[in-house]
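The block underneath contains the structure these notes are about, expressed in structure tokens.
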Amino acid sequence: MASHLEPNRHTSLLHAGYHHPLHRTWQAGLPITSEMLMYPIFVTDNDNVEEKIDTLPGQSRWGINLLVDFLTPLVANGLKSVIIFGVPANIEKDAVGSAADDPNTPAIRALKVLSKAFPSLLLACDRLADISLAYARAGCQMISPSDMMDGRIKAIKDALVEEGIAHKVSLMSYSAKFASGFYGPFRDACHSTPGSGDRKCYQLPPQARGLARRALVRDMGEGADVLMVKPGTPYLDILRDAREIAPDYPLSVYQVSGEYAMIWHAAKAGVFDLRTGVMESMDGFVRAGANFVLTYYTPQILEWLKEDRN
């Protein structure tokens, strides 16, 4: 009898394994679920206004007083986590973010409102060491410093430990964050600088696979609880590297604003069906090793998952 390891004339025949729809489910890996989605939301201190974002079709800056009504149906559909980006319109900004830990900033006000309205919703925020403490005190359960400077993770972890809250506030590192052309719509949404170009002085060069691997190891050593690769689709190889480097860590991937807009406009132009394109991108992230995805498509995916359940 031939060993199953020995080549034979049937080894190239694969189609029978996925001809039937049920067969295809047996061949599949883990599907995307609502628990694997984190929704990035923009919050402004124009309290009663929804400001449409032209470069992010379907997304808005939300006034504090509109947040609960906006998120209530999403939570009902299974939304489990959001990451909050504050976009102050009535507080003067400076080069060092002096006002970011002011209790009147939109992010801190949003944390207080959302933690009360949705006690089980995981609230993540994007900020630095001193500001991180202010956010944690206001109800933030995950801090995510997006500037990925050397020593940033250690500084925030040390601050959380000293404050006595490191056991209940996790730290998600934008470890493998690349200087990318896909960030433009986000900068428009946040009125951030630079309005064009990139931040090559401290974000990773797109070709720098080795630097990305070293950055992941660095942040693991400094106390990161979760690792991130950003952007997503152009860096699936880095996502797979991250899974191999950190097999026991939660791993996230950010499908950034330019990726979102690219899929949106392609679908609108009839290149492909929106749901098909979005869900294929999700499958790619999960297959590469992501435990969860930050995506602006979260509301649509939640609705599609609900349709599938029904």
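Cβ atoms are placed via backbone N, Cα and C, with glycine included.
According to TrEMBL, the protein carries these features:
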{"type": "ACT_SITE", "residues": "LYS177", "note": "active site, schiff-base intermediate with substrate"}
{"type": "ACT_SITE", "residues": "LYS230", "note": "active site, schiff-base intermediate with substrate"}
{"type": "BINDING", "residues": "ARG187, ARG199", "note": "5-aminolevulinate 1 binding site"}
{"type": "BINDING", "residues": "SER257, TYR296", "note": "5-aminolevulinate 2 binding site"}
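Counting only the Cα atoms, the space from LYS177 (active site, schiff-base intermediate with substrate) to ARG187 (5-aminolevulinate 1 binding site) is about 15 angstrom. Straight-line distance linking the Cα atoms of SER257 (5-aminolevulinate 2 binding site) and ARG187 (5-aminolevulinate 1 binding site), rounded to a whole number, equals 9 Å. Counting only same-chain residues at least 6 apart in sequence, those with a Cβ under 8 Å from the Cβ of LYS230 (active site, schiff-base intermediate with substrate) are TYR174, ALA176, LYS177, PHE178, SER180, VAL253, TYR254, VAL256. Highest Cβ count within 10 Å among the recorded positions LYS177, ARG187: LYS177.
Taking the Cβ of TYR296 (5-aminolevulinate 2 binding site) as reference, residues of its chain lying under 8 Å away and at least six apart in sequence are, in sequence order, TYR39, PRO40, LEU56, GLY58, GLN59, GLN255, SER257, TYR260.
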